[in-house]
Amino acid sequence: MYRSTKGASKARRDQINAEIRNLKELLPLAEADKVRLSYLHIMSLACIYTRKGVFFAGGTPLAGPTGLLSAQELEDIVAALPGFLLVFTAEGKLLYLSESVSEHLGHSMVDLVAQGDSIYDIIDPADHLTVRQQLTMPSALDADRLFRCRFNTSKSLRRQSAGNKLVLIRGRFHAHPPGAYWAGNPVFTAFCAPLEPRPRPGPGPGPGPGPASLFLAMFQSRHAKDLALLDISESVLIYLGFERSELLCKSWYGLLHPEDLAHASSQHYRLLAENGDIQAEMVVRLQAKHGGWTWIYCMLYSDGPEGPITANNYPISDTEAWSLRQQLNSENTQAAYVLGTPAVLPSFSENVFSQEHCSNPLFTPALGTPRSASFPRAPELGVISTSEELAQPSKELDFSYLPFPARPEPSLQADLSKDLVCTPPYTPHQPGGCAFLFSLHEPFQTHLPPPSSSLQEQLTPSTVTFSEQLTPSSATFPDPLTSSLQGQLTESSARSFEEQLTPCTSTFPDQLLPSTATFPEPLGSPTHEQLTPPSTAFQAHLNSPSQTFPEQLSPNPTKTYFAQEGCSFLYEKLPPSPSSPGNGDCTLLALAQLRGPLSVDVPLVPEGLLTPEASPVKQSFFHYTEKEQNEIDRLIQQISQLAQGMDRPFSAEAGTGGLEPLGGLEPLNPNLSLSGAGPPVLSLDLKPWKCQELDFLVDPDNLFLEETPVEDIFMDLSTPDPNGEWGSGDPEAEVPGGTLSPCNNLSPEDHSFLEDLATYETAFETGVSTFPYEGFADELHQLQSQVQDSFHEDGSGGEPTF
């Protein structure tokens with residue numbers, strides 16, 4: 001092997017550079033463009049042209065010696081297009097990009113492809129997922145696909161248009177030439193039409209279709225500020241079947257599908273909310289003359305505060321409508337989170353339909369959305385004009401705070417306000433509501449108590465309340481089509497959504513849980529705050545993930561949240577935690593899924609703090625009166641006398657007809673005597689124990705035994721044993737059949753069991769806390785523990801020590 005040296009490495013680099021320069025000479029580019037290319041750009045362009053040559057070399061040759069058109073004529077047609085042509089594989093590798101791209105994006109073809117050989121290198125990163133979904137969506141090869149994305153533009157063009165350019169792409173896949181590479185990477189050919197803010201006027205009466213109609217099905221229209229049709233192109237006859245004269249001076253809303261009225265009105269409001277040259281997009285259904293419905297993708301442009309509104313209308317299929325509407329909803333939601341301005345925030349939450357819904361010309365209303373058949377014809381609803389409906393969310397609506405929603409009416413008929421008249425399957429903007437901030441399908445309202453001045457003194461000025469729903473990315477909801485709440489706004493569903501928020505009790509107003517959605521910057525005006533009264537006894541338990549709609553809720557839930565403020569209005573205004581963002585980005589925080597109670601219900605709050613191993617505090621919670629203390633001492637003496645009497649065996653009469661067995665035990669056998677030593681088999685020491693006095697729960701008069709039954713017990717126990725005294729006589733003779741006493745002949749296992757049994761605490765001792773706190777008496781009343789030092793001749797113990 002040859003050893004590498006410095007000279008040999010330099011020779012190899014020179015050889016590689018020479019080959020790259022040879023590739024540059026082979027590129028079909030102008031000399032001015034070749035001079036500006038670097039080695040990396042040359043290699044990227046070489047890959048693109050190589051793929052292009054291989055693909056077109058395997059295609060079918062054109063009919064005739066030169067085809068239908070010459071090469072120059074083809075170049076002239078491509079240059080005259082109101083867009084540019086783009087060819088790339090399913091994995092995004094570029095094959096061709098027309099030279100006319102420089103007129104629309106500001107970059108020349110060489111500049112764009114020099115950035116990389118993939119389409120993802122020349123489009124906005126936010127649209128990578130959209131393009132990837134379109135390229136991987138299964139369909140027939142000859143099926144057209146329509147989607148929109150933003151292309152990167154030059155710095156000079158970005159300064160003029162304030163961002164990347166939005167482009168509408170329509171194309172299809174082609175049959176691949178033979179080869180393993182092309183079998184897995186079909187080629188997609190697309191025509192890209194930039195969505196110009198000012199469409200190019202066409203010849204003839206009315207707004208002309210322009211050259212774009214040669215590649216994109218479209219018609220143009222011009223409207224007044226209320227969207228009344230001022231003019232429309234003649235090509236509307238092809239797509240809707242109406243003559244131009246039939247539509248002039250008519251309201252554009254008269255052609256809309258009822259389920260798309262809310263979507264169109266919200267976009268119309270956005271277009272009128274700001275002055276200047278802005279645009280709005282919508283995907284709606286327009287009624288054709290034959291009675292059917294046609295999906296239309298509309299681009300609306302405003303020519304200033306006094307000028308008309310111009311619209312480009314693109315007929316699309318059901319699948320394209322579903323894809324575009326889903327993309328619009330996603331972009332509007334992201335813009336609402338990041339910008340937080342009224343011009344960008346959608347004024348209602350738009351539903352995203354599936355492709356199965358789009359295949360049906362009439363969508364099924366979503367959950368909680370009133371159907372057209374269920375609208376009550378109440379006189380108080382009336383007919384609301386478009387101007388009145390748009391005037392309700394006025395420009396004074398400021399998203400630096402979250403207003404308190406109005407109290408709903410008790411019936412569904414009263415709940416359907418003016419804004420809900422025309423909204424299946426969407427919910428229009430409600431003044432004071434902000435459910436659209438959290439991507440919900442409908443805003444709910446709940447019965448909430450009026451503000452309280454007592455809580456205003458406890459809560460900080462930046463604390464307000466709102467009853468809107470904050471839905472985590474992990475929360476699941478039942479199918480709206482199978483739910484029993486279909487087509488209705490019910491109070492139970494509203495409260496079930498509200499219960500998923502993390503509440504705070506008013507017992508500790510200065511301790512707020514970190515799972516509440518809070519917003520950092522100070523409020524613009526403290527007058528917008530609305531507070532909720534405290535809740536004296538509150539106990540909240542979060543539902544499990546499977547129980548999305550709980551059946552029973554707390555009777556009067558009161559929850560406190562924080563206000564939305566400023567640009568980064570989704571940050572927590574709590575002390576920082578490991579999960580809190582700190583880089584200043586606008587991020588939506590998901591709610592913490594807690595699986596336990598958020599508060600502990602203390603029935604009687606003691607005066608001192610409940611701390612582990614606390615020192616004894618003032619004994620003011622439980623106190624015995626003098627009478628109760630005397631009764632306790634008397635009961636202790638009676639129990640001790642009863643225990644002393646148990647040292648003597650029961651008589652036959654006492655065992656059968658005297659005391660009844662305690663706790664369901666069977667009476668003692670009169671033929672069985674407990675012979676042996678007087679003291680018990682096991683010497684057990686009494687343990688000191690504490691217990692919480694429960695005299696406040698039970699009637700004190702029923703706690704003690706009457707004197708007469710106790711005296712009867714003592715008289716029965718004092719009856720002499722007919723069989724003699726303890727320990728007298730032969731055990732064999734006393735017990736019939738020669739049965740030994742169970743107290744003398746115990747197996748080691750029985751002794752071990754008795755020892756374990758003696759060490760167990762009673763049920764009452766086990767339920768009592770071992771930590772002293774206020775409410776426990778530090779005076780312990782118990783039996784005196786003293787070992788018997790003398791016994792009588794009969795085997796009984798000494799005199800009672802009480």
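Glycine too: its Cβ is placed from the backbone N, Cα and C atoms.
Swiss-Prot assigns the feature coiled coil to residues 5-38, out of the candidate ranges 5-38, 141-174, 413-446. Swiss-Prot lists region 'Basic motif' for one of the ranges 1-13, 651-663, 664-676, 742-754, namely 1-13. Swiss-Prot lists coiled coil for one of the ranges 299-323, 349-373, 374-398, 624-648, namely 624-648. Mean pLDDT of the predicted structure over the domain 'PAC' (280-319): 88. With a cut-off of 8 Å between Cβ atoms, the residues of this chain six or more beyond the region 'Helix-loop-helix motif' (14-53) that come close are 87, 89, 93-96, 108, 110, 113-114, 116-117. With DSSP states grouped into helix (H, G, I), strand (E, B) and coil, the region 'Helix-loop-helix motif' (14-53) comes out at 33 helix, 0 strand, 7 coil.
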